[in-house]
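Engineer: I'd like to ask you about the structure that follows.
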Amino acid sequence: MEKKIAVTAGTFDLLHPGHFNTLNFAKKHADELVVIIARDETVKKIKGRSPVIPEEQRKIMIEALKPVDRAVLGSLTNKLEPILEIRPDIIVLGPDQTTYQITELKSQLAKHFLYPEVLKVEEYVRCPFHSSFDILKEIVRRWCCKELKV
């Protein structure tokens with residue numbers, strides 16, 4: 001029996017419980033989890049700002065997490081390219097991912113004769129720092145205009 005492969009993708013800039021929730025969800029649905037890390041240049045285009053952590057470091061950090069079997073950098077020219085190379089059985093979208101709607105993603109992949117199951121994590125982890133942006137805002141709030149003590 002072949003191993004079931006799941007793919008999920010994201011920036012994974014400042015890790016928080018929401019990231020881990022999505023990774024665990026994806027791993028529960030497959031034998032192998034491959035994570036596609038958004039490129040710095042892509043993040044800047046989409047979010048209007050560069051990630052705090054460079055792409056290679058984000059890749060290393062994600063690969064170190066227990067649910068993850070492998071991490072790869074996304075394509076600079078075609079966001080479907082890594083998915084077409086990996087050919088996963090399952091694609092997991094995080095609760096806040098808006099790059100693709102499920103029907104649009106399935107339609108795009110079908111043009112390449114790829115028909116994975118596409119799942120969306122419905123549970124949005126609510127905690128004080130449930131997004132990378134919230135973490136950044138708190139750092140600024142605590143440390144802006146203060147002398148850092150090491």
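Including glycine, each Cβ sits where the backbone N, Cα and C put it.
These numbers come from a predicted model, not from an experiment.
So Swiss-Prot lists the following for this protein:
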BINDING   THR11, PHE12, HIS16, PRO17, GLY18, HIS19, ASP96, TYR124  ATP binding site
Engineer: Report the largest Cα to Cα distance, in Å and rounded to a whole number, among the residues THR11, PHE12, HIS16, PRO17, GLY18, HIS19, ASP96, TYR124 that the record lists as binding ATP.
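Structural biologist: That value is 17 Å for the farthest Cα pair.
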Engineer: Just going by other Cβ atoms within 10 Å, which of the binding-site residues PRO17, GLY18 has the emptiest spot?
Structural biologist: PRO17
Engineer: Which is it, of HIS16, HIS19: the one of these binding-site residues whose Cβ has the most other Cβ atoms within 10 Å?
Structural biologist: HIS19
Engineer: Return the residues near PHE12 (ATP binding site), defined as same-chain residues 6+ apart in sequence whose C-beta is under 8 angstroms from its C-beta, sorted by sequence, else 'none'.
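Structural biologist: Residues satisfying the criterion: HIS19, VAL35, ILE37, ALA38, ARG58, MET61, ILE62.
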Engineer: If you draw a 10 Å sphere on the Cβ of TYR124 (ATP binding site), how many other Cβ atoms land inside?
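Structural biologist: Excluding its own Cβ, the number within 10 Å is 12.
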Engineer: Which residues, sitting 6 or more apart from ASP96 (ATP binding site) on the same chain, put a CB under 8 Å from its CB?
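Structural biologist: Within the chain, ASP96 (ATP binding site) has Cβ neighbours under 8 Å at GLY18, TYR124, SER131.
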